[in-house]
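As annotated by TrEMBL, transmembrane segment applies to 36-54, 66-85, 97-114, 126-148, 160-182, 194-216, 222-241, 262-291, 311-330, 339-364, 376-401. Taken from TrEMBL, the feature domain 'Cation/H+ exchanger transmembrane' covers 47-379. As annotated by TrEMBL, domain 'Cation/H(+) antiporter central' applies to 453-584. Taken from TrEMBL, the feature domain 'Cation/H(+) antiporter C-terminal' covers 601-761.
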Amino acid sequence: MAASAQLNKNGSCYVEYVAHELWREPGSYSLSVMPFLKQLGFTIFLSHALFFVLRPLRQPRIVAEILCGLLIGPTAFGRSPYFTFFFPERSYVKIETVGYLGLMYHLFLVGLRFDPSALALIGKKATSIALAAFFLPGIFGISTFYMVASPDGSQDASKLGSVFWVIALTITGSPVLSEILASIKLLHSDIGRTATAAAVVGDVCAWVLIILVIPISLEGKTFHYSVVTAIGFISACLLAARPALAWIIKKTSRDRDHSDHYVVIVLMGVSIFGLITDVIGTHAVVGAFVLGLIMPSDDLGSRLVAKVEEYVAGILLPFFFVVCGIRTNLWEIRGPADWALTVFVICIGWLAKVLSTMGISMFFNVQPREGVALNVQQYTIMVLALLIMTSSVAPLIQVVYGPTKRLMHYKLRSVQSTGSDTEFRVLSCIYSTRHVPPVVGLLDLSTGDMRSPLTVFGLHLVEVTGCASAMLITHDPHKPGRARLRDPARTEHILKSLEDFEYQNRTASAQLLTILSPYESMCEDVCGLAEDKRVSLIILPFHRRHTIAGAMEDAEPTFRLINQSVLVDAPCSVALFVDRGLAAAVMRRTDSNRLVARRAAMLFVGGHDDREALAYAWRMAGHPSINLTVVRFLPGSNVGGIEPMEVQERHGILTIISDVERQRRLDDVYVTEFRRNNSGNESVTYREVMVNNGSETVAAIREMASEFELYIVGRSERSISPLTFGLAEWSEYPELGAIGDLLASSTFNIQASVLVVQQYHSESTAADEDGIGILDSMAFFKK
C-alpha cells in the first residue's frame, strides 16, 4: 500500500509499514508501539529540559516547546541521517495526527475555561487595547507577507497564507499571557488584569477571523455555504445545545457526582465536534473550542480539567510543536537578502505590537492548513518571528513595569504612617455574606473626621475552579446589572450594606469589588489589589465563627490558608478580625435612639505591631460611640533579664544586638504622644499594669475580660517580650499572636471581638523610625 505525505512543498513517497503485532488486521493508521514511545519519550524529555534551562529567564513553556520543535525538525537534528532512528520520515503523518489531536483537546480546555459572560464586564480601555493590538499588527502582517511571498502560486493560497500570517502575528493568547505575567508577579496587578482582559478580546477577534476566512480556500459558492453553515452551527450550539447540555447533566448526575463515563463521553464529543466543523469547511479546532464553550462550568468542568489537562499539555500538545518544527527549516533562509528580510519582518511585527499595546505581551497561535498556505521559507520566517516576539515579552515587561517599580508608588503602607490629615484607605476582604455585618460594624467605628476621610474597598472573594486567571469586577451601584455575574442576591446584599454604610458616614466612601479566582491564587489577588489601590490596611475575617452557644467553630479551613499567606506577602499592614457579635453591639441604641457607647480596649505590650494597633485605636478614639481604654503592660521589679543571641537569617548569619531598650524608647515616645493628644478626651482612659512574666499577664487580662466588647492587640510575631514569654508555645493559631490567640480561644471565657494588627515592616520603614535600621529583637530570657 502506498501513501504520500506532503510536507510544505517537498513531496515524499514511501511504502507504509504495517505492524501486525498489536492488531492483526492491517490498516493505514497502524503504528508500531515502540517507535512511537521512543518519539514520545524524546519529545517530552527535550521540551522539559529546555523549559528547565529557560526558567531563570522567566520564559513560558510555549517557548521551550517551539524550540523543541525547531531542534527536532530539519533545522537541527533532522538534518542528521542518524536521527531517523527516532523520527523516520514515514512517521510524520502519524505525528501530525497526534499533534493536531493534542491541539484540538488543548483548545477544548481553553474554551472550557472561557466565560462568555465575562466579555460584558471588559471595559473600554482593555477593548481599545485589544483592537489596536489586533488590527494595527494585522495591517503590517499583510504587507510583510506579500513582501516575502513569491508570486508563483495560486492566488487563493496566497490569500489564505496572508490570513495565517495575520493571525499568528496579532494574537495575544490569554492562557500564555497569564503564564508570563504570573512568572513575573504581575498577573494580579492592575496592568496584568488589563492585559489579560485585552487578550481575551483579541482571542475572540482571532476566532471570528478563523471561522470566516479559512473557508477562503474553498472555491465558488462553497465558500459562502461554509461560512453560513459555520455561523449557524455555532449559534445553535450556544443558544440551544448549551442549555440542553446543562439540563441533561443535571438530570442524569446524582448529587453533582460525575463519574468517568461523563469524561469519556465529553472527550469523544471533542472529536465529533471537530469532525463536524471540518466537514462544514472550517477548521476542526473550531468545533473543539465550541464544545468547551458550551460545557457547563461546574464540577464536571473542573473534573475534566483535572483529568485531561496534564495529559494534553505534557504529552499530546508537544507533538503539535514537533509538527511545526518539521515544517520549519531555517536553512531555507538563504543569503544576506533573505536574512535582512527576516529581521525586517520580526522588527516590524514586534514594533507594531509594542506600540499598539504599550508593551503588552504577544502569543504564538498559528493554524497551518496542511501546508498549502505557506511555503517553507514563509512558514519559517513566521515561526522565527513568533519565537523571538514571545520570548522577549517577559524581559520587556520586567524592565518597563517590574514589581520593584510598583513598590515605589506610595509610602503610606501602615496606619501609623497615615497622618491625622491624610486619607485612610482600607481593603476589607469578605469571604461570605456572614462577614458583612461585623466588618461593616468595625469600619463604622473606624471613621474619622473630614481631615482624615475613610475610603473602603470591599473585596468579595469568590472561588472559581479551573479558570486560567483571576477576574476583577468593579461594581457600580448605578448599574446594578453589571454586578449580576454569578450570584445576584449575594452581590446585591453586600453592595446594599456598603451603600448604607456610606450613607450613614458622611466622611467615608465605599466601593465593592469582586474577584473570581481559585483559592490558590487569592493571596496574590488581595496583595496585588492592595498595591494598586494604595491601601494602608487589609482587614481579613478570621476563619472561625462565633456560634449561638458562645463557642468558636471552624467555618472554612481554606480561609485560614489565605489569611496566613496574606500576612506574609501583604504590601501594607494587616488586621485579622475575630468577631463575637460586634455588629449587633455597634447598632444597639438607647430609648432616646442614641447609639450606646462601645467599650474597647487596646492592650499594649510593646513593639512594631503594638504601636500599629495603638495607631488604629487612636483613630477609633475620635468616634463619638467609643470609650477606649489603653492598657500598657510594663515589666515589674522581678522580670527576667534578656541576653542577645545570634539569629541565622536567609542571607547569612547576623549578630543582633538587643534593641529592647531602643524599642522601649520608641514605645515611650508614641504612647506619650497618644496621651498628650487625648488628654482632654473623656472617652479615653490610660492604665499601666506591672507584670513580671507571661502568667501574670494572662491573669491581668483575665481580670478585665468582661469589661470590654472589643480588644485591639498587636500580633507581635517579630518581637519577643518577657511579659508574653512562653505564651506562644500554647498558641493554637500563631497568626493571631500570643495575646490574640489567648483572647480568641474558646477556653478563655470572654465574649468580646478581637482585632489583631500586624504592621507593614521593611528595611526602609525600620530606618525611618529613628534614623537607623531597627532589627526585631530575638532573645533568650533568664529565669
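Sequential numbering from 1, following the chain as shown.
Just so you know, glycine gets a Cβ as well, placed from its N, Cα and C.
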Contact yes or no, the transmembrane segment (66-85) and the transmembrane segment (311-330), 3+ Cβ pairs under 8 Å, gap 6+:
yes
Contact yes or no, the transmembrane segment (262-291) and the transmembrane segment (36-54), 3+ Cβ pairs under 8 Å, gap 6+:
no
Same-chain residues at least 6 beyond the ends of the transmembrane segment (36-54) whose Cβ lies under 8 Å from its Cβ atoms:
61, 63-65, 67-68, 71-72, 85-87, 91, 94-95, 314-315, 318-319, 321-322
For the domain 'Cation/H(+) antiporter central' (453-584), what's the mean pLDDT in this predicted model?
77
